[in-house]
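Taken straight from TrEMBL:
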| type | residues | note |
| --- | --- | --- |
| BINDING | GLU115, ASP173, ILE175, ASP176, ASP350 | Mg(2+) binding site |
Amino acid sequence: MIPAMDLHLLRSPPGVRFFRRHPSPAPLRRRFFTVSSILPFAKEKAKYHIELEAAVELVERACSLCIDVQRSLLSDGRILEKNDQTPVTVADFGVQALVSLELGKLFPSIPLVAEEDSGFLQSQNLVDLVVSAVSDKTSFHEESFSHADVLEAIDRGERTEFGTKPATYWILDPIDGTRGFVNGSKASYVVGLSLVVEGEIMLGVMGCPNWVVDTSHRSITGVQGYKNSSPGLGIIMVAHVDCGTWTKRLRHMLDSSFKPSSDWTRCFVDGCSLVHKANFCIPDSQAWESLPLSVFYDATTNDNDDIRDKEIRLLPFCCGSLCKYLMVASGGASVFILEVKPERVTKAWDHAAGMICVHEAGGKVTDWEGSELDLAADQVKRRIIYPAGGVLVTNGKIHQQIVEMISSSSTVVRH
């Protein structure tokens, strides 16, 4: 039973599905509503507004930590590599330690599921750097964090074990798209945090420090896709069940002279209803030719309207699954499709925050067979998901058509 101090974490009614179904917004190309507040909606509309406020604050501070560490690491070249050859930095561990420490203070009864463990950090003698980065961003300035405190906070994310019953827990991806982190302004990376309550994702927050937002809030694109704006402007995207998906500029900007607006802008998926007119995102590690839709369409990265028959536009957007979820939720892309490789494990933190942002923006997320993703499939750790074939993220309007095309692709002769 959750202690009284976590007043907002009450049991959901029996039989509630992982995501509540609600009508998609009318098929407009883009719609925006702007409000000015700590949260983008009235608190009484959001059952978990206290948790969401904490998550927004933590993700913003985590993004600030990333910017500071990135500057330092890119100046002296201290980039690490994990055993799976994914570049990882002090910021990865610093964000996990910061978020774990703060959530442990605010919501001590709620466990954390997260990516990193401290073993690698200790083996590289980098604990001092992480402690320094965390101490600079924590809200508990009067406290001095020891090595043991930070290591314990990092390991908290991987030691929790669950059972078969629906569980309540946070999911954190400290840096999704670490290659984007290493490459600086050439690609994007995301800090993702979500809250699962009794098996249902209730809120999600994604912060992207090197996203670009235009000053009119009328378009949201990746760094590579928007050339007429100041470099390095970041955004934060939030979603709460039944309250929609919203975005605003990060408070912690690379340009300290810039004063970001506190306005929130509501996001919706795009209105594309034809597969061949859709804008697609795929993982950096996968080629279009390896995906089942390639038997129906060739892919082009042309940024004009000259798309031929039997051809779709592929957005050259780099790094991380959460960045692609952010693209779909903001209307910048219509589809994100990912194939599950036998040699790679699909991790919950690469998807959870993005899933609710897309759902609340009017989109849909399933596996390639059209079934909802089950975050409880890994009953012990809640770290791994098992989507059949792969993950399909769309604006909802062309979702079923793509599922059917995937199913029939094995019987189609390649054009």
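Positions of Cβ are set from backbone N, Cα and C atoms, glycine also.
Within 10 Å of its Cβ, the residue among the binding-site residues ASP173, ASP350 with the fewest other Cβ atoms is ASP350.
In sequence order, LEU172, PRO174, GLY177, THR178, VAL190, GLY192, GLY320, LEU322, LYS347, TRP349 are the same-chain residues whose CB sits within 8 A of the CB centroid of GLU115, ASP173, ILE175, ASP176, ASP350, the residues recorded for Mg(2+) being left out. Every protein chain shown contributes to the tally, and the Cβ of ILE175 (Mg(2+) binding site) ends up with 33 other Cβ atoms within 10 Å.
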